[in-house]
Amino acid sequence: MTLFDLVRRSMRKNIKHYYLYFFSFIFSVMLYFVFATLQHDESVIKGAELSLRLDQSFKVAAYLLLAIVAVFVLYANSIFLKRRSNEIGIYQLIGLTRGGVARMLMIENMLLGIGALLVGIATGIVVSRGFLLLLVKLMGKEAFIELSISIPAIMQTAIVFIILVAVTSLQSLRVVYKSTLIDLFTARRTTELSKQPGKISQLLFGVLGIVLIVFGYWYSGRMVNSYFILNAFIVLAATIFGTFFFFRATVGWLLHLWRKRKDGHLAFRDTLSTAAIMHRMKSNARSLTLITTLSAMTLGMIGVAYSLYYSVENSTRGMFPYDFAFQNQAEFASSFEKELTAAGISFEQKELASVELPVDVAKLPSQASAYWADLKASVFSNDSLEQAGMTIVDPTGGAVLFDSFANSDMFGSNVGYDVTLKMPNNELDITIKEVEEKLAMNTDTSFYQLAVDRTTYEKLASGAQEVPYLVFTLGQEEDSKEATAIYKKVVPEKEQRVVYYDMLAQQFEANGLMVFITGFLGLVFLLTTGSILYFRQMTEAEQERQTFRTLRQLGFSIPDMMNSIIWKQLFIFGLPLAIGILHGIFAIKSASSFLFSASILLPATVAFIVYAAIYAIFAAFTIGYYRKIMKDVL
Amino acid sequence: MNILEAKQVRKSFGSRNQVYQVLKGIDLNVRAGEFVGIMGPSGAGKTTLLNVLASIDRPTEGVIEIGGSDIARMKDRDLSNFRREKLGFIFQDYNLLDTLTVKENILLPLSLGKQNRMESERMFVDIAKALGITELSDKYPNEISGGQKQRTSAARALINNPSLVFADEPTGALDSKSASSLLGNLEGINRERNVTIMMVTHDPVASSYCSRVVFLKDGQLYTELYRGDKERKDFFGDIMSVQSALGGDGYDTV
Ligand SMILES: Nc1ncnc2c1ncn2[C@@H]1O[C@H](COP(=O)(O)OP(=O)(O)OP(=O)(O)O)[C@@H](O)[C@H]1O
Ligand SMILES: [Mg+2]
């Protein structure tokens, strides 16, 4: 047998035993490749050029994906190495040189890496079509796509993973050169038990953890000011370190108190769960923090993106109350009307009017735009708006302000404050009675929009010229395409206004892409965190083999023991999830306060439930693994 | 000629603030062809000493020379050559590779050598027959008993005709019949081929096969006994009396 034979043999054996490692490697390649393919896909690139923001998100997402894939592969390799350390030691004991063992591991790693790369890219090519279809569907585009095999994506994936294989090889080299044989022989069995808690320092850190988290939550509601970046950084740091201390000290401390109260009389369930958790909490702290942070990030991202997507129609309609609007364009409107009728499209046409007056809004809290000179307001009478089909609060005795971003309470509500309308001869102070979270008229100007009662309107209109509007709303949405085409035909390009349906499509495209990116990243994060927990638990289960054997010999049944294992898994999987969800809720809350006005509750809940459900699958796998080991030991 | 020399070997475990010294300065010389038994109460440091001597573990202090060269300074290649050609190690806890069958485990040391297939096969058949595990060759370690694993581990250590064998309680899991056949085998290679053997054991019967027995207590050499040309039965008596004097934890004396 030559070295190569040895490699081949051990690989053949190992594939059976460590298929999980191989699988996760392949899976990482596949996901990375799919993302790279989309990144290089023409239709997506066009979508991403929609706005700089999306382009940036795509790039950031690509780096995040790269980071997480790297962490994951390195982590999986370290577990894999640990499980094989005995074998590595034996090879040296029978006289293979360190160099030889290292060479063997490198050959293995290379074969494995190339294999995973090929299989991963191949499956990636197959599934990326499905992902692209999903993306196109989310973006609301015509589902006609042709996916050619993307050479740049293959190159990019290959380069990334070749580098990763090199790094994992270095990792293996370190193990081979830095360990004595006895380390290798005992590595699999040694557990990094932490010392008994109870020291004052642990209490301090435990309290610090909670304080930091609470502070982070509290501060996250107060970050919108000129130090926004710094504030965001403070919040991130506080919650992440808080979480770390929470896992490293607080949990152990709480369990310690609980155990002390029991004074040695532990129920059987607790001997296998609580005691084990306590012993490993400290060494688990880092991975649990990572998992919690990733979960929170995923949930925050998906929650925000999905909420935005979910309310695209609402928010677009808020800005464009009518499908088509003509201002001072009576002749275009009438030919538009004729063409629509000729095409057999059902529609409703309404007439409206407003007065445009200079306005002073210096007293409003949301005076961000007050820096602009020559502010104007379009003032409507409430009865004409109602006649055009809009329901609004009665403005009698004041005014209703239309503001489609009213919900983002970045600067507080405008209700109760005065604005001053400047008529040619005199001024009129009018109090904002109510703010409507929408606009009264399609617009591409930054005019304030107000509604007042009829009498006030007449007073205002007497001194100024009225602006007439003709607005159209289609009877059936299916006609939107044709109608939009007619609009663009009838109205010369220079005179065209933004059409509701164009805006809607654009919003769907942009937000759909965001949902896809965050969803994709979320999926990767989820699979990664789930697998890391699963790997860790698998290792713990292996280490506890002897305990299980002893317990079974003592007459405990598998259900007895499984009961406590399920308990432990609930804790190990549930705690990071719960804290991640809590973090995520606060992240969404603080994002929603300045980013958007959208319905959050339902979409975010859906996102959370889906996340938790997939996560639970990993817990179920882990429990299954424990059961298998327990059955095996006798 | 001394094949193995240990000078002032110390070994400590633990971290900065809680150091626990397990070996407290051990001097030991082993001549080629000796069959040395190491005895002592549980926790005395026998396994630790054996591991350090066999280059599996590093001593915290002290020098270990094998065949005249300090193993701490040996080159990776020389140490590997030494392990490949001269060393055999039987583990207290077997240490078999789960992914290989009994036969593959035993043949592993030959996989690096130049033996051809027929030669390897012959060596395997010999050693398997001597240790009574021929029928097990295609089983995996998790399908055989503890004693069978121990014999497999012994077969793996002995198959490449080592000239220096370290054995950590090689008979711990064996019934008296398989134990005496393994001991007989060790005694045989020791007598006929002049193989040097160091064996940790709790069993006075097992150590009565040795030519010298070293007693360890609390990490120090307590005393040693030479068999000379005594009958095994008489040597056994000597060992028993030292052991009861050593007291220990009563675990050793039956
Ligand atoms: N890795 C380790 N870390 C800390 N202490 C250790 C370690 N290995 C051994 N010890 C301690 O060193 C002492 C000697 O251990 P050793 O295994 O050498 O005993 P032994 O003489 O072989 O005992 P036995 O007869 O029970 O096998 C023990 O008290 C043990 O607790
Ligand atoms: Mg021992």
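For all residues, glycine too, the Cβ spot is worked out from N, Cα and C.
Features reported for this protein in TrEMBL:
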TRANSMEM  A:18-40  transmembrane segment
TRANSMEM  A:60-81  transmembrane segment
DOMAIN    A:60-172  domain 'ABC3 transporter permease C-terminal'
TRANSMEM  A:111-135  transmembrane segment
TRANSMEM  A:147-170  transmembrane segment
TRANSMEM  A:203-220  transmembrane segment
TRANSMEM  A:226-255  transmembrane segment
TRANSMEM  A:288-309  transmembrane segment
TRANSMEM  A:513-535  transmembrane segment
DOMAIN    A:520-629  domain 'ABC3 transporter permease C-terminal'
TRANSMEM  A:570-588  transmembrane segment
TRANSMEM  A:600-626  transmembrane segment
Mean predicted confidence [pLDDT] for the domain 'ABC3 transporter permease C-terminal' (A:520-629): 83
Contact check, the transmembrane segment (A:60-81) vs the transmembrane segment (A:111-135), 3+ Cβ pairs under 8 Å, seq sep 6+: no
The transmembrane segment (A:147-170) and the transmembrane segment (A:570-588) contact flag, 3+ Cβ pairs under 8 angstroms: no
Contact between the transmembrane segment (A:288-309) and the transmembrane segment (A:18-40) (at least 3 Cβ pairs under 8 Å, separation 6+): no
Long-range environment of the transmembrane segment (A:111-135) - Cβ separation under 8 angstroms, sequence gap at least 6: 7, 11, 22, 25-34, 37-38, 41, 43-44, 143, 145, 147, 149, 154, 157-158, 161-162, 164-165, 168, 512-513, 516, 520
